[in-house]
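*Asks:* Quick one: the structure is below, and I'll ask about it shortly.
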Amino acid sequence: MYDVREWRHVFKLDPNKEIDDSVLEQVCESGTDAVIIGGSDGVTLDNVLNLMARIRRYTVPCVLEVSTIESITPGFDLYFIPTVLNSRNTEWVTGLHHQAVKEYGELMEWEEIYMEGYCIANPDCKAAALTEAKAPLEIEDITAYAMMAERMFQLPLFYLEYSGTYGDLAAVKAVRETLEKTVFFYGGGITGPEQAKEIAQYADVIVVGNAVYENVDKAIETVTAVKNQI
Ligand SMILES: CC(C)=CCC/C(C)=C/CC/C(C)=C/CC/C(C)=C/CC/C(C)=C/CC/C(C)=C/CC/C(C)=C/COP(=O)(O)OP(=O)(O)O
Ligand SMILES: O=P(O)(O)OC[C@@H](O)CO
Ligand SMILES: [Mg+2]
C-alpha cells in the first residue's frame, strides 16, 4: 500500500543501529503500513543499502527518509525529503535539497517523492542540534508551521518531531485542528499501545522509532492499537 493518505502507523529504523533478524522480522511482519529508514547521524550509503536489502525480504513498503546526499540510492518504494521549517540554517530548509536536485534531478521520479515539512519540537534531540532548530516552541508557533506547510508551501506531509521524548498532546491536537489536506505525521517517545492510541486520536500517522530497539514487544503492540482504532 503506497498511498500515504491511507496510513496510520509506520516504524522508523535507524541504519546506524544494529537490529537482529528476528526483531526485523517482527517489525516487517507486524502489519505496519511502512518501514522508514532514517536517522540523524552515522547514515551512510553502506548501512542504508544493507538495511534496505534486509527489509526487502518482506512485502512491507520501504521508504528512505533522506538525511544525507551520500546515502541516496534507488530501490525504495518512496522517498521522504525533510525540510526543517524551524531551522535557523537554510541548508536544512532548501540548501542540501538544491545540491541534491542538481545532482539527481534528471533521475528523480517525482511521484515517489514526498516533501515533509518538519517541525522539530524537542530542543534536546540530535536532529534539533544538527539542524539548529528553533525550539522549544509555543503551541502557536507549531500551528503556524503546520499552516505554512499546508497553505503556504502546499507540502504533502507535516511531521511534528519530538524524537526521543513524548510530545505535548495539546500541540498535537492543535495541529490536527489546523491541517485539512496535508497528512499529519507525529513521531517521538511512543513506547507502547496507550501512547500510540492517544496520539493517533489526532495524528494521521504515528511513527515509532527507538522503542523497536528498547522493547520490541511493546513497540509491536502499537500497530494493532492504532489499526483497530476507528
Ligand atoms: C535514482 C535515484 C538515486 C533516485 C533518488 C532520487 C531522490 C530521492 C533524490 C533526493 C533529492 C533530494 C531533494 C534530497 C534531499 C537531500 C537532503 C540531504 C536534504 C536534507 C534533509 C534534511 C533537512 C535532513 C535533516 C532532518 C533530519 C536530521 C531528520 C532526521 C530525523 C530523525 C530520523 C530523527 C531521529 O534521529 P535518530 O538518529 O533516531 O536519533 P536518536 O539516535 O537520538 O534516536
Ligand atoms: O525514536 P522515537 O522517539 O520513537 O521518534 C520517532 C521518530 O519521530 C524519530 O524521527
Ligand atoms: Mg532514533
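Using the three backbone atoms N, Cα and C, a Cβ is placed for every residue, glycine included.
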*Asks:* Need a hand: TrEMBL gives Lys12, Tyr159, Leu160, Glu161, Tyr162, Ser163, Gly164, Gly209, Asn210 for sn-glycerol 1-phosphate, which of Gly31, Gly42, Gly189 is also on that list?
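*Replies:* The candidate from Gly31, Gly42, Gly189 that TrEMBL ties to sn-glycerol 1-phosphate along with Lys12, Tyr159, Leu160, Glu161, Tyr162, Ser163, Gly164, Gly209, Asn210 is Gly189.
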*Asks:* Tell me, by DSSP, whether Tyr162 (sn-glycerol 1-phosphate binding site) is helix, strand or coil?
*Replies:* coil
*Asks:* In sequence order, what residues of the same chain, 6+ apart, have a Cβ less than 8 Å from the Cβ of Asp14 (Mg(2+) binding site)?
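*Replies:* The list for Asp14 (Mg(2+) binding site) reads Gly38, Gly39, Gly209, Tyr213, given in order along the sequence.
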*Asks:* Any idea what the Cα distance is from Tyr162 (sn-glycerol 1-phosphate binding site) over to Ser40 (Mg(2+) binding site), rounded to a whole Å?
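*Replies:* Here the two Cα atoms lie 13 Å apart.
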*Asks:* How many other Cβ atoms sit within 10 Å of the Cβ of Gly209 (sn-glycerol 1-phosphate binding site)?
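*Replies:* Looking across every protein chain shown, the total is 23.
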